[in-house]
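Undergrad: Got a structure for you, questions after.
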Amino acid sequence: ILIALWKLLLDLFVEELATNIGMSAEFYERFHFTLEALVVFFHAEGQGLPLDNLQNDKYKDLKEELRLNKCSTQTLIEHSYQAKIRQQKSTESSPFGMLCIKCHYEAAESKLCIDVLHATNLIALDANGLSDPFVIIELAPFHLFPGAKGQRTQVKNKTLHPIFDEQFNFTVTREQCSNSTACIHFTVMDHDWLSTNDFAGEAVLQLQEVHGFHKTAVSREAKNISPVFLKLTHPDPSVMKPITKMLEGRTADKEAQEFVKKMKELEISPE
């Protein structure tokens, strides 16, 4: 009977969360407190259900959703970039190709210099078996770099191995780069003349890993910096879908809605 009651309660909690989207952090705090109080009640100091039965997979999913819902919009966005960084550093191979870049930081001028060199083995997104790729370069998360506008390369027509060889500069301070989630976000898109551009892949590079970040200046050494090969990935749905869904419910939060819009452009659906 206790097992059946606990299953019913968890189902009711899940249903209630789905009904109450975009509530205040205090709401989710109370929700979490109630969930933990019920665990104590059903466990009854070892006289009731074992903790393994209570803290099952549905309970863990529910607790994680509550934890994320209590986070601020900016914290959730940083969670998403932490996931991208982990994905970038994983040893798993990628079917979406590689992006080759060079990057260094000139501390004396607070200037971040990024060379987008070339890409290889991109996925074909056009009917002719090729693509018309270009790369968008942005500093992220965006709340750490207010006013830093994204830049983009030229479009290279009908190729899966484009050579860009273009340089881009951003003005940033060491303080802005000190956050562990601060990164350069590269988005490879396929240009379409008559419809929406198609997403081909993305890559991130932590700013703390950029050559020159921990030195006073590297302008003379810039020519000797080795290129970096970044694998192109697609966002991890298991991480991005819950975050996108939560932010979508924050309809009065402009920052949340702008991030959701961007994620949808990368084919991330909240459903």
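Each Cβ is built from the backbone N, Cα and C atoms, and glycine gets one as well.
Sharing the feature lines straight out of TrEMBL:
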type	residues	note
DOMAIN	1-80	domain 'MHD2'
SIGNAL	1-18	signal peptide
DOMAIN	95-220	domain 'C2'
Undergrad: I need to check the long-range neighbours of the signal peptide (1-18): which residues 6 or more away from its ends have a CB within less than 8 Å of a CB in the stretch?
TA: 31, 35, 38, 42, 48-49, 53-54, 56, 58-59, 62, 65-66, 69
Undergrad: Would you report the average pLDDT that the model assigns to the domain 'MHD2' (1-80)?
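TA: Looking only at the domain 'MHD2' (1-80), pLDDT averages out to 90.
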